[in-house]
Amino acid sequence: MKHREEALALDRADPLAPLRDQFALAPDTIYLDGNSLGVPPKAAAARAQQVIGAEWGEGLIRSWNAAGWFALPRRLGNKLAPLIGAAEDEVVVTDTISINLFKVLSAALRLQDARDPGRRVIVSERSNFPSDLYIAQGLIEQLDRGYELRLVDDPAELPEAIGSDTAVAMITHVNYRTGYMHDMAALTQLIHQSGALALWDLAHSAGAVPVDLNGVAADYAVGCTYKYLNGGPGSPAFVWVPKRHQDAFSQPLSGWWGHRAPFQMDPVYQPGPGIGRYLCGTQPMVSMALVECGLDVFLQTGMHEIRRKSLALTDLFIDLVESRCAGHALHLVTPRAHTQRGSHVSFAHPHGYEVMQALIARNVIGDYREPHVLRFGFTPLYLRYVDVWDAVETLRDVLESESWRAPEFAARGAVT
Ligand SMILES: *Cc1c(COP(=O)(O)O)cnc(C)c1O
């Protein structure tokens, strides 16, 4: 692409373009961080008002029944299910990824121990999001039964690392830093051939790329709603367990919301049937209610249409950065192959942190991940082709003018 006009023409022909109007986007901001925190759907403000005013204010405690609060984790789980290839009553929206990972990893280890005792290895990648690794480390310590975490440095090492000693392979589908995407069907098959269970983290996949959990016969999955699903800051995560594993074991966070009959106030825990046992305690209803506003936008399109535009946006971005910012020490970290690319693009630059701060000061918002990585998320529901053009022109200007050298861009906040 050589001219901005060409990007505008792509926007005019884009079938997803009308959906942008359903998001409350700040004017003059190009938001390339929907992979970290999605933007608010316009419907969210009114929904929050309704929950706080009518449901909490007027309904008060009656709203647990009357407003459907108690059923919300399951109802939203069912609404989210089609986006990840899950069936009815296989998903609940609840807690955080970290907490849900603790639950499913525990359940997976117990299931494996019952089927094929002695397997003591959990395989994952060193480049996985640290919280996933921390949770596995914490669980291993807590169980104190000789489990070990085996980490590979490159996805190509996974076939070698997953073997007859492996209980679970805990894999994040799209890498948070590089944007590398695994072949979920092929890897699940390989994991199963070794007799291990396949646990997938969909943090950068749900709402970003098509996922077919039942189609690939995965065993467990977790993901969040505040990234591509636009649920809001800290909105609850989700957990998927297929019907065939649901009743095998209960998970160790045996709180009352997962009990068979929570209001019997039974002194003995008895897990409920089905996916409900993956709930623990009382959920944040104001935050959870807003998750629905994000999901409702997805109901108006399909993941394949979203994927088509996502690849077009990321292709265009890579192409423009490499042509218009040539000679500026930017190095593409994300795979070029469509089959290996999620919905964000990362470039390494020796002064990546400062360059990103300079971009943000010009209202082009991406983020920075150690080491040296500039990360740009592409969210087809609200991003235009012309935004890609304008973002690259701003990047070019920041690099050519060296405006990133200003001292204020070196100061680090708590969140990068
Ligand atoms: C964003 C992300 C998380 C976040 O976990 P929370 O417990 O919800 O804060 C976990 N894992 C991966 C792979 C992520 O990308």
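Glycine too: its Cβ is placed from the backbone N, Cα and C atoms.
Predicted automatically and left uncurated, TrEMBL annotations should be read as such.
Checking the candidates THR166, THR188, THR282 against TrEMBL: the one annotated together with ILE97, SER98, PHE129, PRO130, SER131, ASP132, THR172, ASP201, HIS204, TYR226, TRP256 at the pyridoxal 5'-phosphate site is THR282. When the Cα atoms are compared, SER131 (pyridoxal 5'-phosphate binding site) and LYS227 (N6-(pyridoxal phosphate)lysine) turn out to be 16 Å apart. Highest local Cβ density among the binding-site residues PHE129, HIS204, TRP256 belongs to HIS204, counted as other Cβ atoms within 10 Å over all protein chains shown. Taking every protein chain shown into account, ILE97, SER131, THR172, LYS227 are the recorded positions, and of these the Cβ with the most other Cβ atoms within 10 Å belongs to LYS227.
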